[in-house]
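Per TrEMBL, the features are:
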TRANSMEM  20-43  transmembrane segment
TRANSMEM  55-81  transmembrane segment
TRANSMEM  101-125  transmembrane segment
TRANSMEM  137-160  transmembrane segment
TRANSMEM  172-194  transmembrane segment
TRANSMEM  226-247  transmembrane segment
TRANSMEM  253-279  transmembrane segment
């Protein structure tokens, strides 16, 4: 490749954009590398052959890391060609290569979102293992997303190879894959909220506020926090992708940077969930004591004596079901009451 020399023909603004874009891309890719290898080490150390879902998850995040790495490599090559393009030193053959690289880059970008959405839907699929309606909604969302992204890959390849569409059509076609992705993630996050909220309120009703400081409920609270926050943040990223597509003609830098941010976050998102899960203990304690109380009304035979409330200490046990039972009232206490 010919070297870029300083001259009046160099587009300085274009070069500044390429430097900023490359810096953002490598920062996010560095986070992707660290999170991937950390998550892979965690899954491997816990045994991927003894628990098949771990093997599937490792295969999924490995595939996403490969596609993200492929996207970054293609993007670096495209950036080198664009640097030459800024100095007006591209030949006709190099322009043809750059066009094909654009097509390959956009295909890899969209393929990464298919894998990411499949992982998100899979997590909700396991959560709603007894609801046919919820699983039908998840299947419709995933099929809609995959179909829309595959169709968009063909449209983008056609637009790049034969640029005959006007700007208005380009803006509308940008929503072909961003809107289904946003709707899919919103649906999954909503289903998770519907499933998780009754579970949290049930634990609070059974165990009371005093258990909120204990280990098992801390795990529930952390799980809900991660569940909602990650789903909500990923929906925000999808919303930014929709916005970037709508304003791509007025803010080309923002649209291009958001594409890189989206593909890297799509690869980081599932690995962060694995890392968070590894920070939590795998087993609940055998006994979870609690000071939760319940009131029992005792009506005595003597009409002059009023019904009194006696406090029965509830013992919470069984690490799996956390079932509770009331202890018997002491005979001496009953005699004193008479």
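From the backbone N, Cα and C atoms, a Cβ is placed for every residue, glycine too.
Any TrEMBL annotation is an automated prediction that lacks curation.
Among residues of the same chain six or more beyond the transmembrane segment (20-43), those with a C-beta under 8 A of the stretch's C-beta atoms are 54, 57-58, 61-62, 65, 68-69, 72, 75-76, 79, 253, 256-257, 260-261, 264-265, 267-268, 270-272, 274-275, 278. Within its own chain, the transmembrane segment (172-194) is flanked in space by residues 110, 113, 117, 120-121, 123-124, 127-128, 134, 137-138, 141-142, 144-145, 148-149, 151-152, 155, 159, 165, 227-228, 231-232, 234-235, 238-239, 241-242, 244-246, 248, which lie at least six positions past its ends and keep a Cβ under 8 Å from the stretch. The stretches the transmembrane segment (137-160) and the transmembrane segment (226-247) are not in mutual contact, being linked by fewer than three Cβ pairs under 8 Å (pairs 6 or more apart in sequence). Below 8 angstroms of C-beta separation, residues 57, 60-61, 63-64, 67-68, 70-71, 74-75, 77-78, 81, 134-135, 138, 141-142, 145-146, 149, 152-153, 156-157, 160-161, 177, 181, 184-185, 188, 191-192, 231, 234, 259, 262-263, 266-267, 269-270, 273 of the same chain, each at least six residues beyond the ends of the transmembrane segment (101-125), sit close to that stretch. Beyond the ends of the transmembrane segment (253-279), by six or more residues, the same chain brings 17, 20-21, 24-25, 28-29, 31-32, 35-36, 38-39, 42-43, 46, 57, 60-61, 64-65, 67-68, 71, 75, 108-109, 112-113, 115-116, 119, 123, 226, 230, 234, 237-238, 240-241, 243-245, 247 to within a C-beta distance below 8 angstroms of the stretch.
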